[in-house]
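Asks: If you scroll down you'll find the structure; I have some questions about it.
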Amino acid sequence: MSGIFIAIILLTILALLFGILLGFAAEKFKVEGDPLVDQLEALLPQTQCGQCGYPGCRPYAEAIANGEKINLCPPGGSATMEKLAEMAGVEPEPLSATEEVQVKKVAYIREEECIGCTKCIQACPVDAILGSGKLMHTVITDYCTGCDLCVAPCPVDCIDMLPVEQTVKNWDWKLNAIPVKTLDEDCQC
């Protein structure tokens, strides 16, 4: 019985020593990231669609910090591009020519043709497609960014990209362009 307690105590001491060693190494060899890259990445839509020519939003944020164009993110639209311009300290540019003419589109699945293969669900970077294996799928249009990544994997071509009508609910009001003054808590107004 005492052999088990000795083994437990030795393993506990060994675990504590390794924990201290790993904690020290983590602090000693810590790699600081660029705070500008973190801020730029937070502004991007995080769809990881690759339409900008980079494999994800983080590499595109790093490229912007190194001087790349800020108008390459179609899912983000002009609002994201304007915020990126402000953060990067450059002039806003119009979005790429193809995006400037296009209207916002969302995916639409013709459910009567859907075979339930789940390939579109796996391709969607924002989980905007609802469904399960061998059952029809549908798109949650409020979540769809229009990145078009779900269309190509569909084996029966039952996914279309349809333009979104401008309504009061989805109109771009640009409310964050209105300056707002915040009051301090100790202000007696």
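Backbone N, Cα and C define each Cβ position, glycine as well.
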Asks: With C144, C147, C150 listed by Swiss-Prot as [4Fe-4S] cluster 3-binding, which of these, C117, C124, is given for the same site?
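Replies: My reading of Swiss-Prot gives C124 as the candidate in that site.
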Asks: Per Swiss-Prot, what member of C73, C114 joins C49, C52, C57 in binding [4Fe-4S] cluster 1 at one site?
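Replies: For [4Fe-4S] cluster 1, Swiss-Prot names C49, C52, C57; of C73, C114, the listed one is C73.
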Asks: Could you give the residue numbers and ranges of same-chain residues that sit at least 6 residues beyond the domain '4Fe-4S ferredoxin-type 1' (105-134) on either side and whose C-beta is under 8 angstroms from one of its C-beta atoms?
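Replies: Those are 46-49, 140-141, 143-156, 158-164, in sequence order.
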Asks: Have a look around C73 ([4Fe-4S] cluster 1 binding site) and count the other CB atoms within 10 A of its CB, chains all included.
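Replies: Its Cβ has 26 other Cβ atoms within 10 Å.
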Asks: Give me the count of other Cβ atoms within 10 A of the Cβ belonging to C150 ([4Fe-4S] cluster 3 binding site).
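Replies: There are 23 of them.
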